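Look at Swiss-Prot and you will find Glu274 tagged as active site, proton donor/acceptor, backed by similarity to another entry. According to Swiss-Prot, the feature acetyl-CoA binding site maps to Ile240, Leu241, Val242, Gln247, Gly248, Glu249, Gly250, His251, Gly252, Leu253. The site 'Interaction with histone H4 N-terminus' annotation in Swiss-Prot covers Trp197.
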Amino acid sequence: MALKQKGTDAAADPKKRRRVGFSGIDAGVEANECMKVFIARNPDEAGSANSTSLQPFDLNHFFGEDGKIYGYKNLKINVWISAISFHAYADISFEETSDGGKGITDLKPVLQNIFGENLVEKDEFLKTFSKECEYLSNVVTDGNVIKHDASIDEDSAVEIVRVELQGAAAFLYCRLVPLILLLVEGSTPIDITEHGWEMLLVVKKSAQASSSSNFLVLGFAAVHHFYHYPESTRLRISQILVLPPYQGEGHGLRLLETINSISESENIYDVTIEDPSDYLQYIRSSIDCLRLLTFDPIKPALCSMVSSLKDTNLSKRTSSLKMVPPSDLAETVRQKLKINKKQFLRCWEILIYLNLDAEDRKSMDNFRACIYDRIKGEILGTSTGPNGKRLVQMPSNFDEETCFAVYWTQDGGDADDQTVEQQPEDLKTQEQQLNEVVDSQMEEIVEIAKNVTSRGKDKLSVSCSV
């Protein structure tokens, strides 16, 4: 970690006198504004601003409650992470330091908290490109190749390798932790000492003799096998990450497909994902919908539901229709495809949408009405009105427009306790907020349906006719 303090004119000329004055309280600088993180794939990229830049979700949260750094003028923190060994080197420069009332932030412990033992000095960092290149080869050699995709480049190939999180593989995971902390919001390192952890690595093998390393890690997934009563195993995807230089190339898709293949071949009970991001859920639902499109057991129930949405008139609310599959069908899907019930219900709505004519106003209104009823039931339950659940929009530090709270009101009690009465205007606001949630979910369904359509036109041809 290099610290560089730039000289000033006053320091260069001792005859110049500084004027005495009183400066204001140091406002500090946000870490997001002065810190950048790069990936270096070779020694030439180390220390270069031309390296691939990472986009951490939020660097501020590493620097105290307000996310600011104090006591530095024109502070710049540039960190390079080796794509070979995942060691890190930090270059820190500033013009001067001064205590403006908030102290001077000690940068070293904060960076060590992020990068741990990966953080080294520049000379050692440069040596890791040649000295550390074999350890990844050892991890890959000890693992099992699950999937092999020939690359468009003649000198390389992409493989997915399955390794147990112990020994060298556990050591590799520890080196990947800083990337997880930087790029996955709300993430925490897994406990690799716990039984049942393994990792799927997306690696690129180089056939070039001049390459400093035989393999590059493009991405990975950490999965956990845990007991399910009475005598089966569930598989949970805890973390999945494709490194920024290789995102958009389909590696995350390959990881999920490989996990699905493992779950079927080993008769896992089902597959779940721990706190998936919106984009990961988008990819997951697209994959599962494509699998379900060719799963014959769902077609009779799916076509029946599509037909009901075409024929029923829900606009006047004189009738109701629950857009749910038969319970035995959800169990069949779990047994054969290892899709858990919650995920299947999500995909079920997308499959129905795919089989409706978007130009048929009646069908689409009925579809939206079913989505509305489901969401209203999930949020408010069956008890609404003067004494029941209520949905209100609440400001938050994350998003003032899309955060809601649910609370319960009831009749009776002291007058002082009845601080909330549901007036007509309250019901109108609640209806508006419910519709906003419904609109958001409708947008998600439409986007996933578009992706499924673009990737599976041949599979859609054998679905229910519209």
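Each position is counted from 1, following the chain as shown.
Note: Cβ is positioned from N, Cα and C throughout, glycine not excepted.
Here the features listed in Swiss-Prot are painted onto the structure.
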{"residue": "Trp197", "record": "site 'Interaction with histone H4 N-terminus'", "Cβ neighbours (10 Å)": "21"}
{"residue": "Ile240", "record": "acetyl-CoA binding site", "Cβ neighbours (10 Å)": "24"}
{"residue": "Val242", "record": "acetyl-CoA binding site", "Cβ neighbours (10 Å)": "22"}
{"residue": "Gly248", "record": "acetyl-CoA binding site", "Cβ neighbours (10 Å)": "9"}
{"residue": "Gly250", "record": "acetyl-CoA binding site", "Cβ neighbours (10 Å)": "15"}
{"residue": "Gly252", "record": "acetyl-CoA binding site", "Cβ neighbours (10 Å)": "22"}
{"residue": "Glu274", "record": "active site, proton donor/acceptor", "Cβ neighbours (10 Å)": "14"}
Among the acetyl-CoA-binding set Ile240, Leu241, Val242, Gln247, Gly248, Glu249, Gly250, His251, Gly252, Leu253, as the record gives it, the longest Cα-Cα distance in Å: 15
Pairwise Cα distance for Gly252 (acetyl-CoA binding site)/Glu274 (active site, proton donor/acceptor) [Å, integer]: 16
Cα-Cα distance linking Glu274 (active site, proton donor/acceptor) and Gly248 (acetyl-CoA binding site), given in Å to the nearest integer: 22
Inter-residue Cα distance where the pair is Glu274 (active site, proton donor/acceptor) and Val242 (acetyl-CoA binding site), in Å: 17
Of the recorded positions listed as Trp197, Ile240, Gly250, the one whose CA lies nearest the CA of Glu274 (active site, proton donor/acceptor): Ile240
Other same-chain residues whose Cβ falls within 8 Å of the Cβ centroid of Ile240, Leu241, Val242, Gln247, Gly248, Glu249, Gly250, His251, Gly252, Leu253, the recorded acetyl-CoA site, in sequence order: Val202, Leu218, Gly219, Tyr246, Arg254, Leu255
Inter-residue Cα distance where the pair is Trp197 (site 'Interaction with histone H4 N-terminus') and Gly250 (acetyl-CoA binding site), in Å: 24
Pairwise Cα distance for Trp197 (site 'Interaction with histone H4 N-terminus')/Ile240 (acetyl-CoA binding site) [Å, integer]: 13
